[in-house]
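Taken straight from Swiss-Prot:
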{"type": "TRANSMEM", "residues": "3-23", "note": "transmembrane segment"}
{"type": "TRANSMEM", "residues": "50-70", "note": "transmembrane segment"}
{"type": "TRANSMEM", "residues": "81-101", "note": "transmembrane segment"}
{"type": "TRANSMEM", "residues": "105-125", "note": "transmembrane segment"}
{"type": "TRANSMEM", "residues": "157-177", "note": "transmembrane segment"}
{"type": "TRANSMEM", "residues": "185-205", "note": "transmembrane segment"}
{"type": "TRANSMEM", "residues": "222-242", "note": "transmembrane segment"}
{"type": "TRANSMEM", "residues": "251-271", "note": "transmembrane segment"}
Amino acid sequence: MSFVILVVLGLIAGTVGSLIGLGGGIVIVPSLMFLSTVTQLFQDVTPQVAIGTSLLVIIFTGLSSTLAYIKYKTVDYKSGLIFFIGSGPGSMIGAYVSKLFNSNSFSVWFGIFMILISLSLMLKAKARPINKAHKGIIRTFQDDAGEPYTYSYQASVGIAIAFVVGFLGGLFGIGGGSLMVPAMMLLFLFPPKVAVATSMFIIFLSSMTGSVSHMISGHVNWLYALALVPGAWFGGKLGAAINRKMQTKTIVMIMRIVLILIGCQLIYEGIFS
C-alpha cells in the first residue's frame, strides 16, 4: 500500500514540478511529513529524511524534464551552467544547515516558505519584466518554432541569486525553481518557457550536490525514493508536455491557493502542536 501511495505522490510531484518549474519537492516534502502524522507506514519520516529523500527524487524529475525540454529546444545550457556555479555550493550549505531543524521548527519555517512561494508565483503572473538595455552576457535564443528571443544578465548577479535559490533548495528539499523562474523572467527577460526549462536543468544539477550532502548524513530513505522515482520520472515528462501545449494560469492559481492553505496549516501545527 505504501508503495502505491509513493508512486502516485511521485507522479503528482513530477508533473506539477515540471509544469511550472518548481521541481516537485514542494509536493513531496509536506506530503511525507503529513503521512508521517496520519499513518504508521511512514512513522520514521523526520524533516531531514523528507528533505534528503525529496532532493534525491528531484534529480530524476529534473533529468526527465530536462530531456523532454531538450526535445523542444527550450533549455539554455550556458546560462544554466553559469547559474549552477552559485546554486551548487548553495544547495550543499543548505543541506548542512537543515540538520538544525526539529519537527516543529521545520513546520513553521517550511509553512512560511510555502506562503512566500505562493507570493512568488503571483509575482510571476502579475509583474512585467524590467525594461533595461542588454548588457553583460547577452543571449539570443530560438525555439523549435523558430521564434527568436534576446535577453541578458550580469553573471555575478545571476550567480548570487542562484546561490540563494540553491541554499533554500538544499534547506527545504524543494529544488528552488519557484524562486529562480520569476527572477529569470523579470530581471533577465528570459522567455517564460525557456525560464521554466532552464530552471529544471539547474534543479537537476543542484539537486545532485544537495542530495549528496544528505546521503552522507544518512538523511535518505532509499525505499521511499525507489517508489517515488518512477512516478516522478514519468511526471516530469508529462509536465513538460502539458507545459508545451496549454496555458498554465489556472493550474498556477490553484497551486497558489493550495500552497497558502498548506503553509498556514504547517505554521499552526508547528506553533501549537
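Any Cβ shown, glycine's included, is placed from N, Cα and C.
Remember, predicted model here, so these are calculated numbers, not experimental data.
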Spatial neighbours of the transmembrane segment (3-23) far in sequence, C-beta under 8 Å, 6+ residues away:
31, 35, 41, 57-58, 61-62, 64-65, 68, 117, 121, 169, 174-178, 180-181, 195-197, 199-200, 203, 207, 224, 227-240, 242-243, 248, 251-252, 255
Give the one range among 50-70, 185-205, 222-242 whose Cβ atoms make the most pairs under 8 Å with those of the transmembrane segment (81-101).
185-205
Decide whether the stretches the transmembrane segment (157-177) and the transmembrane segment (50-70) have at least 3 CB pairs under 8 angstroms, with pairs required to be 6 or more apart in sequence.
yes
Is the transmembrane segment (105-125) packed against any residues at least 6 beyond its ends, judged by a Cβ distance under 8 Å, and which are they?
20, 22, 26, 29-30, 33, 47, 168, 172, 174, 178-179, 181-182, 185-186, 249, 252-253, 255-257, 259-260, 262-271, 273
